[in-house]
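Trainee: Okay, here's the structure, questions in a sec.
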Amino acid sequence: MEAENKKARLHTNSIDMTTSECSNRRLVVHSPDGGWGWLVVTGAFFIHVVTDGFVYSLGILADFLMEEFNSDNTMASYIICLLTGITLGSGPLASAICNKFGCRVTAITGACISIMGCAISSFATSMWQLVISVGVIMGIGFGLLYCPTIVAVTMYFERRRSLATGIAVSGAGIGTILFSPINDFIITTFGWKAVFHVFVVLLGVAIVCGWTFRPLSFKEVNEEEADVEHKAERSKEGEAESSSFPNDGESSSRKFNECDGCLIININAEEDSVMQCKPCASSGMDPAAEDNASIIVPRISGNTQRVNDDSLETAVKAANAQTGAEVPETSAVRSETPLTNKSNMLSLSLMTDPIFLVFAISNLLTSVGFNSPLYFLPMHATRGVGLDSTRSSQVISVYGLCNTLGRFFFGIVSDHQFPLPYGIGNDTARNRLWMYNITIALCGYFTAVCFLCTGFISLSIYAGLFGFLIACYICLTSVVLVDLFGLGKLTDAFGLLLLWQGAGTVFGPPIAGYLADMTGSYTLSFLFCGINLLIGGLMLFAIPCLQRKEELRNVEALCK
């Protein structure tokens, strides 16, 4: 009899939000906003120093490799396009592994694969071998490192999320500053193979950094205490919680009510809410199930739906299918006793969301134009402008310095309100989106006119401006995703977005390299990249319009 009770399903007559007999307990994801989270940030910072430092200084290494193997720009560009393309394109795979096994396992696996590719590269005797070892093998390894590095930091912080993300990804700028001159020195002193030997050791340290990404657990709290604590935190911040849609100043919540044997699910909500189950004596509910009497549901928008089923799990799945929302259950943030089992490791529901598609296409175009300028800038400096290799590496170091400053700057200011007239700077989520759009568009403009730079100073100014502004794109992508789609969708959204970014990165450098080989200069290459960046930034201004249209459709549906 006891075994049958444990197998019994939760019936709707056990669900009652209004009764005073219900035990108001809540399982919430506890983001420490500090503590071990800062160790996670430190580990993520070092991983970015090593991986992005290698990628962003690869142009200096490629210049020597082209001379070593008598290769052209197109062949050399295959290395960078595959390395960055596979790194980003493996995002869905990385996010699926994160969902299944956790950020820690994913990051350590990626570091081990990267070490293998780096070691093989030191024995290469042709460019094609480097295309495989660096572009493919290290690309897969870096991809499994990159996704959990971003997701883990985002999960560990809430109020300081932008700042923590900015600090973590600023490691890329530090890596660029360090490894551009260091790689130049190593190559001229010990040869290009020594560069790979050094990175084998550094990637070994990245394994230890990946170990810091331990999973978070759900925390059981009293609902009234949680509400009081939440309101106190919001009053301290002096702002309402960010929402994907404009609100009317009234708070609402999703509730499960009992009515004629059906579940009525009010899904017109703007904040994460709780589905609560009343543990009745007659329900056959075992103690383990009672402990998991409520689960967090990410914010969604829609109308009231009736689910003619007596199963809570089926009702949740029906709501997920209708709205695209999911109970956030990843290994990055997991419960000691899982509430449900995901049938899929990766949800593709976002691919039908027009807001996500606009954001993804923008990132596709941005990725086409983002990596190529930095990759071809050292070659343009030496072959187009006439600078020596030392000066060329200094230009990249200027980029790295300004990029680091930019990541700190945008990480700090994006968490604050802006003192603008009519209160238009009070919405931090909207501020982040506007900063994101404008900086990408400005990067496109400066890149398109980069051919006007004819000396070390002018090239350094361009590198500094580009590095500072593009930091907003790098720093805030995951934060803007949370603003638009909620924390519960972050892993899936970020994984799918990396696939789009990877596609742009695969096509961008070869096209830019072909234009350089065809014309004998890098003018058209930078113009091509600049136009893609400009379009990618400007098209994001359509997102607020799409949000308003979706909100109007929801209001019309409620009125029917």
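Residue numbers in this text run from 1 along the chain shown.
Each Cβ is built from the backbone N, Cα and C atoms, and glycine gets one as well.
Those TrEMBL annotations? Automatic predictions, nothing curated.
Pulled these from TrEMBL:
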type     : residues : note
COMPBIAS : 228-239  : compositional bias 'Basic and acidic residues'
COMPBIAS : 241-250  : compositional bias 'Polar residues'
DOMAIN   : 37-548   : domain 'Major facilitator superfamily (MFS) profile'
REGION   : 227-254  : region 'Disordered'
TRANSMEM : 35-56    : transmembrane segment
TRANSMEM : 76-98    : transmembrane segment
TRANSMEM : 105-124  : transmembrane segment
TRANSMEM : 130-156  : transmembrane segment
TRANSMEM : 163-182  : transmembrane segment
TRANSMEM : 194-213  : transmembrane segment
TRANSMEM : 355-376  : transmembrane segment
TRANSMEM : 396-413  : transmembrane segment
TRANSMEM : 434-459  : transmembrane segment
TRANSMEM : 465-487  : transmembrane segment
TRANSMEM : 494-516  : transmembrane segment
TRANSMEM : 522-543  : transmembrane segment
Trainee: Sort out the residues at least 6 away from either end of the transmembrane segment (194-213), same chain, that have Cβ-Cβ distances under 8 Å to it, and list them.
Mentor: 36, 39-40, 42-44, 46-47, 50-51, 54, 61, 102-104, 106-108, 110-112, 114-115, 118-119, 121-122, 141, 145, 148-149, 152, 183, 186-187, 332
Trainee: Counting a contact as 3 or more Cβ pairs under 8 Å, with residues at least 6 apart in sequence, do the transmembrane segment (163-182) and the transmembrane segment (76-98) touch?
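Mentor: Stretch pair does not touch.
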Trainee: Count, for each of 35-56, 355-376, 396-413, 494-516, the Cβ pairs lying under 8 Å from the transmembrane segment (465-487), and report the range with the highest count.
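Mentor: Counting Cβ pairs under 8 Å, the winner is 396-413.
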Trainee: Can you tell me which of 35-56, 130-156, 355-376 gets the most C-beta pairs within less than 8 Å of the transmembrane segment (494-516)?
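Mentor: That would be 355-376.
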Trainee: Excluding the flanking five residues on each side, which residues at least 6 beyond the ends of the transmembrane segment (76-98) place their CB within less than 8 Å of a CB in that stretch?
Mentor: 55, 58-59, 62, 65-66, 105-106, 109-110, 127, 130-131, 134-136, 138-140, 142-144, 146-148, 151, 330-332, 345-346, 367, 371-372, 375, 491-492, 494-499, 501-503, 505-510, 512-513
Trainee: Please report, as numbers and ranges, the same-chain residues at least 6 past the borders of the transmembrane segment (396-413) whose CB is under 8 Å from any CB of it.
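Mentor: Answer is 56-57, 59-60, 162-167, 169-170, 172-178, 180-181, 374, 377-378, 435, 439, 460, 463-472, 474-476.
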Trainee: With a Cβ cut-off under 8 Å, give me the same-chain residues at least six positions beyond the ends of the transmembrane segment (355-376) that come close to it.
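Mentor: Here the qualifying positions are 56, 58-59, 62, 73, 77, 80-81, 84, 88, 396, 399, 440, 443-444, 447, 450, 466, 470, 473, 477, 480-481, 484-485, 493, 496-497, 500-505, 507-509, 511-513, 516, 522, 525-526, 528-533, 535-537, 539-540, 542-543, 546-547, 550.
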